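One structure is given here, and the rest of the page talks about it.
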Amino acid sequence: MASKKPVNRPSVRHPSHNHPLRIFKSQEGDEIICSGCELDLIGQAFKCTKKDCDYFLHKSCFDLPGETNHKSHLNHPLTLLHSPPYGHSYTCDACGQYGSGFTYNCSECQYDVHVGCAFIPETVERDDHHHPLTLVYNTPCKGREDGAMFICDVCQEDMSENLWVYYCKECDYGTHVHSCMVYEDHEPKRGGEGRGGGVGGESSSAAERMKSLMKAQDEMAALQLEARIRKNTNDAILELWDEPKRKYYYW
């Protein structure tokens, strides 16, 4: 009885990793972190083909452009780096948090942005605020001579003047760009002196809806890529059949 040949799954290469990657679907509860953006990985993605290598990439991180002209840094383009430019970590100039994965970097200005921050939407909505919030690339208190600090209207923490903010100018209401936009529950906000703001309430699910949409788009794109890979593999088999002298096929 003839033994079955092992199935060779199609693989792809990415400049961030030395080994081939294959399409992979993560399930909720797997607790896998993307090696690019360092966020939770659920749905269609890529993983290293080596069993002992825990390298995973979102489909969206796999397809990131190598360079971007970003509104937050108009003087120079930002270049995608697959490892921190200053050693083991860097500080994101958008959200103020550390990163050790991919970054969009300006080497001349030592300006770094998480890849997860670089493409956040320019406007969002919250259920507890009746106006859309607009992304601004520093707090409204930047440059004030009285030294006033901007306070996040959700967590009530002081914010560095250079951090990005989701902001409503009409109400002088603003939040951190990430954590405070996705909190499902939080304490009612306290009124700030000299600043407007709405009544406290539950955080908007707009960010979660955006994540769900991006997830669906990524899954569709991954399926299309898988179909292209299979087509290339089938074409290679046909070419080998037509040219029996050729031993290997590279693509």
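Cβ coordinates come from backbone N, Cα and C, glycine included.
Which of 1-20, 121-140 counts as region 'Disordered' depends on TrEMBL, and there it is 1-20. Mapped onto DSSP classes, the domain 'DC1' (15-61) shows 3 helix, 17 strand, 27 coil. If you take every residue in the domain 'DC1' (129-177) and average the pLDDT, you get 90.
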